[in-house]
Structures are given as C-alpha cells and as structure tokens.
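Reviewing the structure listed below.
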C-alpha cells in the first residue's frame, strides 16, 4: 500500500519547490539533506508531501515527547489510511539501578510502565514488520536497545484455518510469547472456553482474535470486539506477534544461559581477592539464571541482552532502527537540538553502570545494554532529512550543500524585526508592554529569562499584579508542560515565562509578543541560533513583535538582525509580487487524545477526615482507575499524582492493622 496524503490545502509559497527538491534528492540517493524552514512556513506539511512522493517507510525523530506527540497527531491527520505510529519511552516513572560507592548505597531499579504506550510501541514494530506504508514518530527512545527483530519475528505465531494446533502446545506457545491466561479480556492475555480460544493482542485495543476448533483443527479465525466478542471480520489466516520485545526462542535462551554462566565464572575469578563482590555477583547472577530457566524472564533481563543476540562485547544494541528496512527515510526534526541529544545519551548511561559493574552488582555485559553512540546511529543515516529553522554545523556539513530553504509563509506574515531596548529597567518596560497587549488586543506573551529562578520570580510578580502568568522550565514534567501550553492558548494564562522555550516545539499563533530579557548575555541560550528561534515564536501572529532587552549589541544579536532582515525581505517581496495580504493563523487548540487533559478528571486531594479501612480501599480503587485512565490518555503527570495518592492510601491502610 502507498502513502495517501489527505490535506485540505495545496502546497504554496516555497513549499512546491522544497517538496520537489527534497523528493528528488531522496530518489537520487542523496544521503543527507537539510530543510531550512522558518517557523510557520509549513515544514511538517512539506515533509508529509515528501513521504507521499517517495513512498518509503519513514521514521520521524523528535527531541522530546511533547513535540513527538504533536507530530504524531499531525501525521495521523495527513495519513489517515496509513500506519502512523508512536514510539517513546514507556515509563511513567523510572529510577534506574545505581550504586553510590562513597556511601555504600545501592538503589534498586524502580519503574512504572504506561500500559498504553507499551501497546503503541508494540503496534509500531508490528506495523513496520508488516507494512511499508508505515510512518513512526519517535523520541530518542528509538536508539535504546530492545529485543532483536529476528527473535521477535521468530516467536510470532502464524495461524491458518484448516491446520492442526494441539491445544496444550498452542497455549504453552502463547505463554512463551508473554501472553497470560486470564478470564478477563485484557491486553496480552488469552482465555479458553470450550472449543474457543480468545486472544487479546498486546498491540491492539480495538480487536481481539477468536479461534474456534474442532478437536485440534482450527476451523475459524475471527477478529472481534474485545468486550462483546461480536465478530467484525472472518479471515483465513492471522499472525499474532509476541507480547514483549524481549521474547527469547528456547534454543537461544539455552545458549544465552551458557554464555552468561561463562561470563560469571570469569567475573568471579576477577573478584578472587574481593570476597564481598565475588559473593554478590555470584548470588545475583545465579538467581537471574534460575529465573530465566524457569519462566524465560528475570528482573533486569535487558542487562543480558548481548547474550540473547549473540553479539560480541561492545557491539551496538538492537533497537527500533533495526526493525526498519534498509531503504527507510529518516526525518530528524529540530535537528539542532535532536543531534546533540543523541550524542549525550550514551555518556550518561555508561557512567551510571561503571560502579554497578565495578562493585559486583552487574556483569560487564551490562555495558552493552545501552543506547547507540552517535557514531553508531549515523550508520542508519542512509536517507536523512534534517529539519530546522537554524540547522547546526553538523547538518550543514553532512548535507554537502543539499540545503533547501523554505522561508515563505503561506500566511504572508513576515518575520518581526526585533526592537532593542535597554536592559536597565527591563521589567518595568515589559510590564507596560504586557498591559498594552492585554488591554487592547487580548493577545499572549512569551518572556525569555536567563535563569529558572528569575522565571519563577517573574511569574509570581505578575500573578501578584493579577496578570495570569506561569513559568515553564525543565523542572516541570512533560504532561504538565503540555497543559501549561494549552492553558496559554485557551486563555487560562496570558503570560508564559521560561528559560528555554525552544525545546517545546511551540506552535502558538496567539502569541504576539516575545520579550527576551538580558539578550546581551552571550551564551548557549543567547546564541544566534537561539535568538532566531525565539523570534520565530512571534512570527505566527499578524501583530507579532520581538523585544531584545540589551545594553549592548553582541555578535549574536547583530547576526540575528541581519538574518531576520534577510528572511523578512524575502517574504515582503513575495507578498508584493503575488498581491498577498498577511492574514492571521486560525488554529484549533491542540486536542490530541494522547496529551489532552480530560475536563472531568479529578485531582487527588488530601482527606479532610480520618478514613476507615473501607474508605481507604475505595480510595485506592478510585485512584487506580484514574491513574490508568490518565496513563491511557498520556497524561503522565496526572497519572503520577494518582499513583502517589494511591500509594499514600496503601501506606495509611497498613497503620490500621
């Protein structure tokens, strides 16, 4: 099946040329290209057109979950008849295993897996293995190790009507595929009822598989509603994929156990003069081996991943990228931020594991349960398009001149030319600008501060003046950041103050003023690239205005002014030539079910009275249901609050006994 693009508008401005050049580059085997597109020029629409033109399996890589979810929603709308999937880390909460030698403190791994995201991850791998019309939007989670595609596909169960499947062997196979027997219809489960077996695939929530038998002969396969089991479609055959990426064929498991034991013996010899570490590594690893023998799984099994893939020490881990065919298209969105993030992942992982291995908590093979290094990731960059308004030196060099500019905005709105005002007295001046915007135009304001503390203080100061304001920085969790952005667009707040508001991939047409405090403090967040990105946040509004509060013109400010003037003039010339009058962007407030906070959701609150045993048990059930619903809708922060409230109730319950 081919990609079928659905869009209510046709390419315009720079888009037709950008689409044609990028598509030709992919077809002509150009390894790296850059789409240098200004904010609001329709880069996502351009990429969607390229995907439809070249018709290749595609991975879109974003640098955070918020942006990934926005892109996922947009591509689903562009390709409603194709497999658009979502692949991010499935942890609502994750505390990695660690050992702090100076205090002799071992921290056990603690996590909470989001069931809905786990389903979407499995759906993504299933789609890319079955269909070429697959587009997966992913965070950098795609460079972390998961089970090998060879093991995953070898454990898939192919079912055909008319063939014999001894029931005891079939159910045993389902258990090996990480499906559990359960009378309740739930994901990754199966149930037997007389001559019928119902299977609830790990990667589906809308369909169940009903198998009917005559003795051991499979007589019918039906896709059914998972709750009512009303048939939807009868098929002659079906393929059921495993319930986990970490399934292990029996022959490979036996071989892996042998190599783990060999590594254990080597490590015990290494610790011969350190009895504590020797005893520790022996007991921990032996326990894991016994668990793998008995149930095919153990806690922390990913630390033995090299043994299950048969790879040599130091070899790259298998990851989502290995599930794609050789000719896949890679789109790296906001590449100026995503590429540095890929570089950073490996170093942080290795430093944490060093002490675990050194003190006998893990075998050295645990080092190979890791993300790809940047150099390893580059081997997958066979057909890549870097997308950014401010591409870095890496992308420019890699593309060897294959840079496609997309400066023209379909709306006709030119880049606002920044005004430079003194940093002395900047808060008072900004306050006047805010009041002017709110009293006359009811428009929104972004303020860029130099520190988190200043952002928090500024938000508090404005709130005291009865100006609805909030701050946004890295200390706020993903889902809460998303809610704050929604609040800004919907009018709950009018002013948003942050340190690095670039990282959100902000698409806020209501913002008409961007004010950058201390713009002359040269550095990472006041570089040319950052300043241009900040300016772009006001370029979606017809009344867009940018103010740099600076006592001197730094080199970054001067370069930003020159580049802004260049882009502005291109847009103005285009508008004049085509008689275009700038018009505002009318965009619905983002209603992605993955991120949207339900209006009827309940916030966990402290009880106003002592609770009885029955009250606490009822509260636990309520919070668990709310947690699961919030997690299913990707409201991560809310889910975590419900989890904490549920845990608090459980702890209170203990004191009643």
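Cβ coordinates come from backbone N, Cα and C, glycine included.
Your range for motif 'Beta-hairpin', going by Swiss-Prot and the list 42-65, 66-89, 90-113, 114-137, is 90-113.
Residue 39 (ATP binding site) counts 21 other C-beta atoms within 10 Å of its own C-beta, drawing on all protein chains shown. Those same-chain residues not listed among 37, 38, 39, 40, 41, 42, 43, 44 yet with C-beta within 8 angstroms of the centroid of the ATP site C-beta atoms are 46, 389, 406, 409. Long-range C-beta contacts of residue 43 (ATP binding site), restricted to its own chain and to partners at least six residues apart, with a cutoff below 8 Å, comprise 35, 37, 387, 406. Annotation for residue 44 (ATP binding site): spatial neighbours 71, 74, 75, criterion Cβ-Cβ under 8 Å with sequence separation of six or more. Annotation for residue 41 (ATP binding site): same-chain Cβ neighbours under 8 Å, separated by at least 6 residues, are 13, 14, 15, 406, 407, 408, 409, 410. Note on the motif 'Beta-hairpin' (90-113): DSSP counts are 3 helix, 15 strand, 6 coil.
For the binding-site residues 37, 40, 42, the greatest number of Cβ atoms within 10 Å around a candidate Cβ is found at 37.
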